[in-house]
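Report on the structure given below.
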Amino acid sequence: MPVKNRVFYFDLLNIAACYGVVWLHCSGDAFTFRLDKYWITSLIIQVIAHWAVPVFFMLTGANLMDYREKYSTKVYFRRRFSRVFIPFFVWSTIYLIWKCKLGWIKFSGGRELLSLYLNNGIEGIFWFFYPLLAIYLSIPVLTIFAEEKYKKQLYYLTGMGIVAYSFLPLLPGLFGISYSADLNPPVVGGYMMYVLLGWILKNESFSKKVRCIIYGAGAAGAVIMFAGTILLSLKAGELNNIFWDYMAFPTLFMACAVFLLAKHRHFKISENEKIGLAAAKLSQASFGVYLIHIMIIDFLVLNGHVNGDSRWWMVFGAAGVYVISAGIVVVCKKIPGGKYLFP
């Protein structure tokens with residue numbers, strides 16, 4: 001029987017997206033253009049897993065756009081503060097101490113220290129929390145669009161965001177056509193498009209024909225990102241990653257396809273209570289895995305335990321990092337006070 005109050009495909013997407021992020025961070029060779037087997041392998045991994053970050057934002061919308069039906073805005077902010085802001089601040093401080101000890105970060109006073117916290121100057125992959133916190137602040141206003149009577153306005157906002165942030169930014173790089181960024185509607189800026197899409201894809205019933213079109217668009221997005229990166233980079237003589245932006249249409253199409261596929265795929269294993277509980281536990285560990293996995297990667301690479309440039313590491317390293325990180329998180333959550341580190 002299904003686990004009470006859990007949506008199995010949400011848990012599955014959360015786990016898969018978390019693993020995808022770890023995989024991306026184990027295959028950084030793609031950022032240095034050279035047309036060899038190592039670069040191609042890394043590029044393939046980047047394409048396969050690139051949907052992961054947008055899906056996290058989509059799950060935020062799918063889970064929180066209707067929070068008013070479950071609890072008050074006061075409770076909403078209290079939960080966001082305790083479950084996201086406090087762990088983010090604590091782990092930023094832990095990374096700061098660690099990197100200062102290694103000599104990777106230096107600062108001379110309080111202003112520089114504050115700037116490190118406010119400008120993502122401590123750990124690069126923590127960039128994700130800055131737009132996420134902005135989204136959390138915006139959702140109490142956007143919940144109005146969860147109401148059926150505002151469905152047209154919701155679609156209008158989402159469509160406007162897709163045009164402005166997924167297609168227009170490609171005009172200068174692909175066609176040499178410049179445009180004013182002032183045309184971008186701020187109301188759907190900063191990954192808000194994915195938040196709205198998450199709510200739409202969760203609640204809308206798409207016909208099989210429409211779903212197949214979206215799946216086809218997702219496959220096309222992967223091909224465009226892969227082939228486009230190679231062709232444009234060869235032409236430029238250096239890496240051209242214009243299609244890598246998480247807001248660009250190739251990633252948008254892939255993220256929508258993956259979300260819908262998970263929603264409409266019937267998983268018989270979801271009927272098994274033990275598997276449902278295991279999926280729920282792994283899903284709940286995803287945030288903690290995100291917080292510590294880069295430290296695990298750095299530890300393994302810096303101490304010579306793995307060759308960070310090998311294809312073996314690119315393909316299989318993420319599995320080991322994920323298992324180690326998830327194990328640490330699950331154990332720590334059982335320790336008194338562990339919830340403050342890993343909510």
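Each Cβ is built from the backbone N, Cα and C atoms, and glycine gets one as well.
Residues annotated as transmembrane segment in TrEMBL: 7-26 (among others). If you look at the transmembrane segment (7-26), the same-chain residues 6 or more away from its ends with a CB under 8 A from one of its CBs are 45-46, 48-53, 55-56, 59, 62-63, 125, 258-259, 262-263, 265, 267, 270, 276, 279-280, 282-283, 286, 289-290, 293-294, 297, 308, 313-314, 317-318, 321-322, 325.
According to TrEMBL, the feature domain 'Acyltransferase 3' maps to 9-328.
Taken from TrEMBL, the feature transmembrane segment applies to 38-64 (among others).
The feature transmembrane segment is assigned by TrEMBL to 84-105 (among others).
Look at TrEMBL and you will find 125-145 (among others) tagged as transmembrane segment.
Per TrEMBL, transmembrane segment is recorded for 154-177 (among others).
TrEMBL lists 183-201 (among others) with the feature transmembrane segment. Sequence-remote contacts of a segment are chain residues at least 6 beyond its ends whose Cβ falls under 8 Å from one of its Cβ atoms, and for the transmembrane segment (183-201) they are 54, 57-63, 65-66, 131, 134-135, 138-139, 142, 145-146, 154-155, 157-158, 160-162, 164-166, 168, 246-247, 252, 255-256, 259-260, 263.
Residues 33, 35, 43-44, 46-48, 50-51, 206, 240-244, 249-258, 260-261 of the same chain sit 6 or more residues outside the transmembrane segment (213-234) yet have a Cβ under 8 Å from a Cβ within it. Here TrEMBL flags 213-234 (among others) as transmembrane segment.
The transmembrane segment annotation in TrEMBL covers 246-264 (among others). Sequence-remote contacts of a segment are chain residues at least 6 beyond its ends whose Cβ falls under 8 Å from one of its Cβ atoms, and for the transmembrane segment (246-264) they are 9, 12-13, 16, 50-51, 53-55, 58, 162, 165-167, 169-170, 191, 193-194, 197-198, 201-202, 206, 211, 214-215, 217-222, 224-225, 228.
Only residues 6 or more beyond the boundaries of the transmembrane segment (285-306), in the same chain, are considered here, and those with a CB under 8 A from a CB of the stretch are 14-15, 17-18, 21-22, 25-26, 83-84, 87, 91, 95, 98, 123, 125, 128, 313, 317, 321-322, 324-326, 328-330, 332-333, 341-343. The feature transmembrane segment is assigned by TrEMBL to 285-306 (among others).
Look at TrEMBL and you will find 312-332 (among others) tagged as transmembrane segment. Same-chain residues lying 6+ beyond the ends of the transmembrane segment (312-332) with a Cβ under 8 Å from its Cβ atoms: 18-19, 22-23, 25-27, 29, 38, 41-42, 45, 281-282, 285, 288-289, 292-293, 296-297, 300, 306, 338, 341-342.
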